[in-house]
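According to TrEMBL, the protein carries these features:
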type: BINDING; residues: G14, A15, G16, K17, T18, T19, R120, Q156; note: ATP binding site
type: BINDING; residues: T18; note: Mg(2+) binding site
type: BINDING; residues: D36, R60, G82, R139; note: substrate binding site
Amino acid sequence: MDKSCNIFLVGLMGAGKTTIGRLLARHRHLEFVDSDQEIEAHTGVRISTIFELEGESGFRAREEAILGELVQRRGIVLATGGGAILSPLTRQRLRQQGVVVYLRGSVDQLWHRTRHDRHRPLLKTEDPKARLQELFEIRDPLYRETAHLIVDTAQQSPQRLICQLELELDAHVLAHPSC
Ligand SMILES: Nc1ncnc2c1ncn2[C@@H]1O[C@H](COP(=O)(O)OP(=O)(O)OP(=O)(O)O)[C@@H](O)[C@H]1O
Ligand SMILES: O=C(O)C1=C[C@@H](O)[C@@H](O)[C@H](O)C1
Ligand SMILES: [Mg+2]
């Protein structure tokens with residue numbers, strides 16, 4: 001594996017970007033970075049607090065700026081925030097600076113994984129499962145458009161996903177101009 005290559009994980013809340021990203025980085029001897037965690041470390045507050053103080057648009061501006069810096073690094077596995085791909089500039093930067101993997105789960109599965117977590121501001125609604133469905137419909141085309149590789153996470157354990165990624169990633173890494 002070329003140490004200069006970046007791998008960027010995109011997908012909805014609960015898709016497993018943080019979980020899979022951490023494991024994949026360990027397997028490939030790369031550094032793991034999570035854009036949500038970077039934003040929290042930089043601001044010193046939780047993402048839900050940024051949403052409360054600055055609204056979603058304030059958060060998106062911070063997210064775009066921090067991702068602009070992170071994609072310049074080399075040899076990282078980056079778990080992006082679920083809505084990072086809403087920015088056309090970020091979509092372009094991700095595709096240019098690394099291999100983009102879309103972790104694609106079903107809404108039922110994503111809901112099952114996120115329903116007990118109260119820290120996701122976009123799911124603080126009366127019917128969070130319907131909201132997740134809505135987000136899936138809006139974003140699935142954007143994740144697809146951004147990704148070089150789409151991995152179906154349905155019924156797959158993290159270990160199986162890592163095996164599948166290890167089988168499929170190298171061809172994309174070899175073909176990517178930045179690697
Ligand atoms: N393939 C998988 N099989 C079973 N459970 C999983 C799998 N991937 C993730 N999980 C579990 O689902 C939950 C959400 O995963 P994770 O936090 O990695 O998602 P995420 O994509 O980073 O979400 P967010 O966008 O909110 O940060 C965690 O409890 C994790 O253990
Ligand atoms: O799907 C989203 O828009 C979000 C996902 C999380 O990763 C965080 O970036 C934040 O809660 C927003
Ligand atoms: Mg995460």
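Every residue number used here counts from 1 along the chain in the order it is shown.
Placement of Cβ uses the backbone N, Cα and C atoms for every residue, glycine included.
Automatic, uncurated: that is what TrEMBL annotation is.
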Chain-internal residues near R139 (substrate binding site), provided their CB is under 8 angstroms and they sit 6+ positions away: L12, G82, G83, I85, L86
Cα proximity to R60 (substrate binding site), best match among binding-site residues K17, T18, T19, R120, Q156: R120
Per DSSP, three-state class assigned to R139 (substrate binding site): helix
Binding-site residues close to ligand 1 - of G14, T18, R60, R139, only those whose C-beta is under 6 Å away: G14, T18
Residues near Q156 (ATP binding site) in space but at least six apart in sequence (CB under 8 A): Q164
Alpha-carbon spacing, K17 (ATP binding site) to D36 (substrate binding site), which is rounded to whole Å: 11
Contacting binding-site residues for ligand 2, chosen from A15, T18, T19, R60 when the Cβ sits under 6 angstroms of any of its atoms: none
Candidates near ligand 3 among the binding-site residues T19, G82, R120, judged by a Cβ under 6 angstroms: none
Other C-beta atoms that fall within 10 angstroms of the C-beta of D36 (substrate binding site): 19
Number of Cβ atoms other than its own within 10 Å, given for G82 (substrate binding site): 22
Residue from G14, A15, R120 whose C-alpha is spatially nearest that of D36 (substrate binding site), among the binding-site residues: R120
Nonlocal neighbours by CB distance (under 8 Å) for T19 (ATP binding site), same chain, sequence gap 6 or more: P158
